[in-house]
Every structure is written in structure tokens, then in C-alpha cells.
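**Q** I grabbed these lines from TrEMBL:
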type     : residues         : note
BINDING  : H67, D182, E237  : Zn(2+) 1 binding site
BINDING  : D182, E215, H323 : Zn(2+) 2 binding site
ACT_SITE : E214             : active site, proton acceptor
Amino acid sequence: MTAQSDIELLTKLTNASGVSGFEDEVVDLFQQEVAGSGEVSKDPMNNVYVKANQNKGDRLRLQIDAHSDEVGYVVKNIRPNGLIEFVLIGGQTAITLSSTKVRILNEDGQYISGVISSIPPHFMTPEQKTRLPKVDELTIDVGATSAKEVEDLKIKRGAPVTIDVKTQYNDYNKTLVGKAFDNRVGTALLAKTMNYLKDKTLPIDVVGALASQEEVGARGAQVTVRKVQPDLAIVFEGAPANDTCFPDYAIQTGIKRGPMIRHMDSTMITNPRFQKFVLDVAKKYDIPHQEYADTRGGQNGSVIAGYKGAPTIVISVPVRYAHTPHSYIALEDFQNSFELAKKVINHLTPEIIQNF
């Protein structure tokens with residue numbers, strides 16, 4: 001794939017709506033993207049599986065994971081005045097929500113535009129002007145003046161709500177800005193990797209697994225790991241970048257510094273032998289990379305490794321302002337993440353895996 005095709009893939013996936021539990025658009029795009037790269041199937045939970053063409057079925061099995069869902073909201077109540085109460089899906093803070101443009105999926109499958117409400121400064125009390133808003137103080141406004149108008153739009157309780165932002169590419173500094181890079185960047189990496197493996201012959205089997213509902217507790221991965229039964233795993237993620245809020249010596253996830261390889265987070269400690277293998281491959285091929293060790297964050301790897309102990313590593317693309325309406329990634333970080341994954345997979349053998 002060329003840089004332009006990478007940009008187009010990332011743009012297409014991030015523009016799609018896919019709040020946890022409602023990942024259909026993303027799943028459809030992913031299935032189209034990997035058609036021909038292997039045996040593709042989907043389960044009732046919206047998890048997608050791609051068995052590589054070269055698989056034999058009786059060898060050690062690598063699971064390559066990414067999650068399809070994004071943070072968002074779900075309609076909770078409709079007030080008599082037409083304002084819509086909502087609940088958060090995934091980790092977010094109210095400071096990023098006010099005045100955000102959103103899309104609500106109605107019962108006919110149509111999107112209704114709305115805006116997360118805010119009080120104009122003219123009407124704020126002195127106390128409101130000096131504190132952050134609370135989530136339960138915010139509502140979604142679709143321009144209605146009554147509950148009946150909202151009902152006429154066929155918006156119902158439980159409807160998914162997605163941030164309405166279109167991804168843009170800046171050719172000057174080779175960055176993309178948009179929503180949902182956590183984890184459409186991982187979705188794109190999974191698609192690109194499975195397509196790369198389409199005609200490859202490896203000494204191990206490979207199954208790609210695009211999991212749903214990671215943002216609400218890695219629920220999809222609890223199903224995929226039992227279906228795939230991996231002997232080891234690679235997880236693709238979009239990781240929150242800390243290069244705009246930490247001093248230079250403490251930056252572990254900065255854009256344009258390469259993929260982030262995590263030693264640990266709040267949910268798992270990476271198998272140190274597999275971790276060293278990946279870091280050695282990165283150094284051997286001069287692939288820029290950075291290492292992370294902290295007790296914050298989590299991802300599907302904890303579920304995969306926690307099932308039967310399969311050695312699992314996480315390759316993450318740094319995402320500035322993750323879980324907000326607008327986030328940044330650097331194209332080179334995406335490309336270097338793919339290069340690292342490709343080299344790691346090509347170097348795996350049954351003998352090496354058994355020593356992890």
C-alpha cells in the first residue's frame with residue numbers, strides 16, 4: 001500500500017460510526033478491506049475473524065487483535081422540552097464534550113445531527129464560569145422544542161450517538177486529525193497486515209480478530225480469544241500520547257517517535273521474553289520505537305494473555321488527545337507500526353515461540 005492508500009484507509013475507518021456495541025459500519029468496511037486475504041467470518045457480537053490463506057490448522061497459532069469500537073454516547077431520556085439526556089460509552093470527561101457536534105442513529109437507520117448543549121456565558125452564574133461542567137448537566141440538542149418533535153425524528157432511548165467529525169490529512173507535517181483513532185488506527189493495521197499475509201507462507205498459523213466493545217471492558221476479546229485459542233498474540237492499539245503534557249524525560253508515547261511497545265499497564269505485564277524479541281527486531285531493522293511502563297490504561301491484551309497465558313505484546317500508534325472529539329496521529333507512526341509487525345511476524349518460528 002502507498003502512503004495515499006494508507007491515508008484513504010485511515011480516513012474511511014475513522015469517519016465511520018462505531019460506538020461500542022454498534023460497530024456495524026466499521027465491521028462492514030473492514031470485511032470489504034480484507035476480502036480475499038483469508039477466510040472471513042463474523043459472530044453475533046460483531047467480532048470479525050480472518051484466517052490467513054496459508055493456515056494448516058495443526059500448527060502454533062498467532063492471534064492478531066484490534067478493536068473496532070470507539071467511545072461515544074447512548075440516548076438515556078428525552079425531556080419534555082426536546083433536550084436529550086445521554087450516558088457515556090467509554091472513558092471520557094465532560095470538559096471535552098460541551099458544544100460537540102454529534103450524530104444520533106434513529107430507528108430507521110438514519111443519522112440525525114445534534115449538538116451537545118452548553119450554557120451561553122451570558123446566562124452562567126459566577127460559580128458555573130469557574131468550574132468544569134458535569135456530564136449529567138449536559139444534554140443533546142437536535143433543534144427540537146418538545147419531546148414529540150424528537151419522537152417524530154424516530155430517536156429512541158438506547159440509540160447510539162457518535163461524534164460528528166471528518167478526518168483531515170495535513171500534507172505539510174504528515175499528520176491526520178479526526179475522531180476515533182483509538183482504535184481505527186489498529187483496525188487499519190490489522191487490515192493491512194492480513195492483506196500483506198495474503199500470499200505469504202509462514203511456519204505458523206495466523207488469525208486476525210477484530211474485536212467489539214473494548215472500550216466498555218474488552219468484552220469482544222473475551223469471545224475472540226476463546227474462538228481463536230492462540231498460542232501467542234499481537235495487539236494493535238491507538239495509545240494516548242503524553243508528549244504534550246509530560247516533560248521530555250518522561251515522554252513514553254509521543255507522535256513521530258515510532259510505535260509504542262508497552263512493558264505494562266493497569267491490566268497486564270507483558271511477557272518479557274516476547275517483549276525483548278520485539279524490541280530486538282525493532283533495533284535490528286532501525287525501526288523507531290518507544291517503550292511504555294506505567295499503571296495507567298488497558299487493552300485487549302490483558303484478556304488474551306489472561307485466558308490461557310498466551311504471550312502477548314501490544315504495538316501502539318501514539319494518539320494525541322485520545323477519547324476526545326479531535327485527535328492527532330502521525331502517518332509515519334502508523335507506517336512504522338506496520339513495518340515492525342511485519343518483521344516480527346516474519347521472524348516467528350515454533351522454536352522461538354516455545355521459548356517465550
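Numbers here mean position along the shown chain, with the first residue as 1.
From the backbone N, Cα and C atoms, a Cβ is placed for every residue, glycine too.
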**Q** For E215 (Zn(2+) 2 binding site), write down the residues of its own chain that are at least 6 apart in sequence and whose Cβ falls under 8 Å from its Cβ; none is a fine answer.
**A** S20, H67, D69, E70, V71, I89, G90, G91
**Q** Just to be sure I understand: of D182, E214, E237, which recorded positions have a C-alpha no more than 10 angstroms from the C-alpha of H323 (Zn(2+) 2 binding site)?
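**A** Within 10 Å of H323 (Zn(2+) 2 binding site): D182.
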**Q** Among the binding-site residues H67, H323, which residue has the fewest other Cβ atoms within 10 Å of its own Cβ?
**A** H323
**Q** What's the number of neighbouring CB atoms sitting within 10 A of the CB on E214 (active site, proton acceptor)?
**A** 27
**Q** Report the residues of the chain - excluding D182, E215, H323 - with C-beta within 8 Å of the mean position of the site's C-beta atoms, for the recorded Zn(2+) 2 site, in sequence order.
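**A** Filtered neighbour residues, in order: E70, V71, G90, G91, A180, N183, G238, A322.
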**Q** Quick check: with H67, D182, E237 left out, which same-chain residues have Cβ atoms within 8 Å of the centroid of the Zn(2+) 1 site Cβ atoms?
**A** A66, N183, V185, G186, E214, F236, G238, A239, Q299, N300, S316
**Q** Tally every other Cβ atom lying within 10 Å of the Cβ atom of E237 (Zn(2+) 1 binding site).
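**A** So the number of other Cβ atoms within 10 Å of E237 (Zn(2+) 1 binding site) is 29.
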**Q** Within the chain of D182 (Zn(2+) 1 binding site), which residues six or more apart in sequence place their C-beta under 8 angstroms from its C-beta?
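**A** For D182 (Zn(2+) 1 binding site), the qualifying residues are E70, V71, E237, G238, A239, P240, V319, A322, H323, S327.
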